[in-house]
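Engineer: Got these off TrEMBL a minute ago, pasting:
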type     : residues : note
DOMAIN   : 8-116    : domain 'CWH43-like N-terminal'
TRANSMEM : 12-34    : transmembrane segment
TRANSMEM : 54-73    : transmembrane segment
TRANSMEM : 85-111   : transmembrane segment
Amino acid sequence: MLCFLRGMAFVPFLLVTWSSAAFIISYVVAVLSGHVNPFLPYISDTGTTPPESGIFGFMINFSAFLGAATMYTRYKIVEKQNQTCYFSTPVFNLVSLVLGLVGCFGMGIVANFQSVTLRISTEINGDI
């Protein structure tokens, strides 16, 4: 079962690198498109309008997947450490896995439902 964990150290590195690239690339595209002020914009403003919203959504979805893989790998490592010595309570390990996966799911929701898109659709329907 633990054989797939060999060489998994690249996953957290890839998670941090890919997530940073998602913010930087969407920022650059938003600035070059003239959608945001180049000096200290909100991260959420750099991913609200096309084309940067598509790039931001795709890259953050992949970051959420990498985050889930990182959480599962950490869960299995702590579970294996508990077999040889008492490292952590198994309940805490499971709770941290569930909270991490919920956070990754939330990150996917944030990436796919931009605020401007929702605001425009409610204005069209007359809900405001």
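Cβ from N, Cα, C; glycine included.
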Engineer: Cβ under 8 Å, sequence separation of at least 6 from the ends of the transmembrane segment (12-34): give me the contacting residues as numbers and ranges.
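Structural biologist: The answer is 41, 43, 45-47, 49, 51-53, 55-56, 59-60, 62-63, 66-67, 69-70.
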Engineer: Please give the sequence-distant neighbours of the transmembrane segment (85-111): residues at least 6 beyond its ends with Cβ less than 8 Å from one of its Cβ atoms.
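Structural biologist: 47, 56-61, 63-65, 67-68, 70-72, 74-75, 78-79.
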Engineer: Count the residues of the domain 'CWH43-like N-terminal' (8-116) that DSSP assigns to helix (H, G, I), to strand (E, B) and to coil, and report the three numbers in that order.
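Structural biologist: Going by DSSP assignments, the domain 'CWH43-like N-terminal' (8-116) contains 86 helix, 0 strand, 23 coil.
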